[in-house]
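S.K.: In case it helps, Swiss-Prot gives these features for our protein:
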| type | residues | note |
| --- | --- | --- |
| TRANSMEM | 33-53 | transmembrane segment |
| DOMAIN | 37-320 | domain 'ABC transmembrane type-1' |
| TRANSMEM | 75-95 | transmembrane segment |
| TRANSMEM | 137-157 | transmembrane segment |
| TRANSMEM | 164-184 | transmembrane segment |
| TRANSMEM | 262-282 | transmembrane segment |
| TRANSMEM | 292-312 | transmembrane segment |
| DOMAIN | 352-586 | domain 'ABC transporter' |
| BINDING | G386, P387, S388, G389, S390, G391, K392, T393 | ATP binding site |
Amino acid sequence: METQNTLRKPMDGTGTSPVTVLKRLWPYIRPLIGIVVLAVMTMGVVAATEAGIPALLKPLLDHGFGSHGSDSAKWYVPMAVIGLALVRGVSQYASNYLLNYVSNRILLQLRLEMFQRMLHTGASFFQRETASTVINAIVFEVNQILSVLTGVMVTLVRDSLTVIFLLGYLFYLNWRLTLIVAVILPGIGWLVSKINRRLRRLNREHQTLTNELSYIVEETVGGYKVVKVHNGEAYEMDRFTQMSKRLRGYAMRMTISGGLAQPLTQFLASIALAVVITIAVVQSSNDQTTVGGFVAFVTSMLLVISPLKHLIDVNQPLQRGMTAAELIFGLIDEPAEPQGGGRPLAQSRGDIEFRNVTFDYGAAERPTLDRISFKVAPGEMIALAGPSGSGKTTLVNLLPRFFDPTDGAILVDGVPVADYDLHALRSQMAMVSQDVVLFNDTIAANVAYGQTPDRARVQAALEAANLADAVAAMPDGLDTLVGGNGMRLSGGQRQRLAIARAIYKDAPILILDEATSALDSESERHVQAALERLMEGRTTLVIAHRLSTIERADRILVLEAGKIVEEGSHDELLRHGGLYAHLHRIQYQQQAA
């Protein structure tokens, strides 16, 4: 299935143009404008030296050869060539260094802004975008802007100045012949405009396919166990091959479109050169030009072709850069999640109320949650039960404001959550997700995630989570690296490490989505004991899957189709004989089996 890239958006109402991209980049360039001007000046020196080479040929050929040649011309011309090469080399090095300094500074700032904006976007962003799209934007696509800032700018500035200097010298040598050379320029401009539009469309589609190819790799790596157990290697290989072939097709179409410009440009230049030679021969017969003047003119004309070719070739990377800019600034312009009303919350009592809360994702036929109302007293444990798709996860996601309700209000300590500063609100909550998330860092850093690790507190949290002995047996103890998402730990150890992280935070409100994965009896016992310690004295909302957790809850809310259909203690709901009793009976039979 193809993914739709919603990050890439035109940067103005009519599309993306180089001027639009430059306007967006200007705030990043402005603090470095002095260095940019210096780089442009050094590129101007490089361009001027290009015209100096044919300028030295004319006196050498006219006055340096033969028995009547000038002695001074025989010596000053070679020395001037050496001096010219030295000036050119120093200027070229300086311009490259200065431009790379500027572009890398801007690259760093763009990348930091993109990552910061990603961190502060709402949960809907992460549901909408694939990880591969975001990774490509932050890590890879931003380098296209680097290419534009260096290679493209060098071409546009240095080669444009080179063409101007050479055309000026050509006009000085022979204005009639120069007018013939100038005839090819409109033809080249017409070619560029025709190829430009097609290249931009192909680049946009090529980058979309690249993201989809990355997504296939991401899915295959993340689900390698399923792939292997279900013998899905052939299916994944076919999927990857088909997408790679489509990507190759677009790459070749880009090559065909981009490659037409150079030979057509050279053909037009060859026609102009043939006409110039013909006219120059006629002029020489009438003593209107010299050998040195003719050679200098032809040399200058040939030297013009190379920078012109570079200016034509710059179109392809320029289009790639503009397409990348749409993705980069699409992420930077992504709206940040609301930060709340700014009200502080130093220490919550743990008093929670859902008041006629309705929520829908926009595309569903019915609300995901429909007029949900309940209260949770400080220290009370509420278990959420119900069939899959009943709205349990959505309900707990509203409390830390991953999403805001469509209607109704959620209150903490009698105050709507929207009135609190968002960071202050979330600082009062700990979450243990069903899908355990660990970071490729040490055990201590994972336990104290978001804070500077206090090793004594980390050790206490590990002991409370029944993980201290296992960590002590590891070679590096608290400094043991857990690997990507804790791959070096067992399933039970990963769950207990996530519990230790919640214990370390010591927040008064706990959101717990119990893992459904089965563990061996010993690991299950350790995890259950750790959960009981974690929930002590905390207001707890738990999506319960274990019978033992459900049974010890102070109150159970049973959801179905986004509504609370039953409420009460375990014994009360069993006696009622409704949906909860039915679900309990099924789960009990499964566990007994």
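Just so you know, glycine gets a Cβ as well, placed from its N, Cα and C.
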S.K.: Name the range, of those listed as 75-95, 137-157, 262-282, 292-312, that has the largest tally of Cβ pairs under 8 Å with the transmembrane segment (164-184).
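M.R.: Comparing 75-95, 137-157, 262-282, 292-312 against the transmembrane segment (164-184), the winner is 292-312.
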S.K.: Fewest other C-beta atoms within 10 angstroms of its own C-beta: which of the binding-site residues S388, S390, T393 fits that?
M.R.: S388
S.K.: Which secondary structure state does DSSP assign to T393 (ATP binding site), in the simple three-class scheme?
M.R.: helix
S.K.: Any contact between the transmembrane segment (262-282) and the transmembrane segment (292-312), i.e. 3 or more CB pairs below 8 Å with pairs at least 6 residues apart?
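M.R.: Contact confirmed: at least 3 Cβ pairs fall under 8 Å.
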S.K.: Around the ATP site (G386, P387, S388, G389, S390, G391, K392, T393), what further same-chain residues have their C-beta within 8 angstroms of the site's C-beta centre?
M.R.: L559, E560
S.K.: Inside 10 Å of the Cβ of G389 (ATP binding site), count up the other Cβ atoms and send me the figure.
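M.R.: Other Cβ atoms within 10 Å of G389 (ATP binding site): 13.
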S.K.: If you count the other Cβ atoms within 10 Å of each Cβ, which of the binding-site residues P387, G391 comes out on top?
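M.R.: The residue with the densest Cβ neighbourhood is G391.
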S.K.: Same-chain Cβ contacts of the transmembrane segment (137-157) under 8 Å, 6 or more residues past its ends?
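M.R.: Distal contacts: 7, 21, 25, 40, 43-44, 95-96, 99-100, 102-104, 106-107, 110-111, 114-115, 118, 207, 310-311, 313-314, 317-318, 320-325, 327-328, 330-331.
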S.K.: Measure from the Cβ of G386 (ATP binding site) and count the other Cβ atoms within 10 Å, all protein chains considered.
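M.R.: Cβ-Cβ neighbours of G386 (ATP binding site) within 10 Å number 24.
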S.K.: May I ask which residues of the same chain, at least 6 positions away in sequence, place their Cβ under 8 angstroms from the Cβ of K392 (ATP binding site)?
M.R.: L384, A385, G386, I543, L559
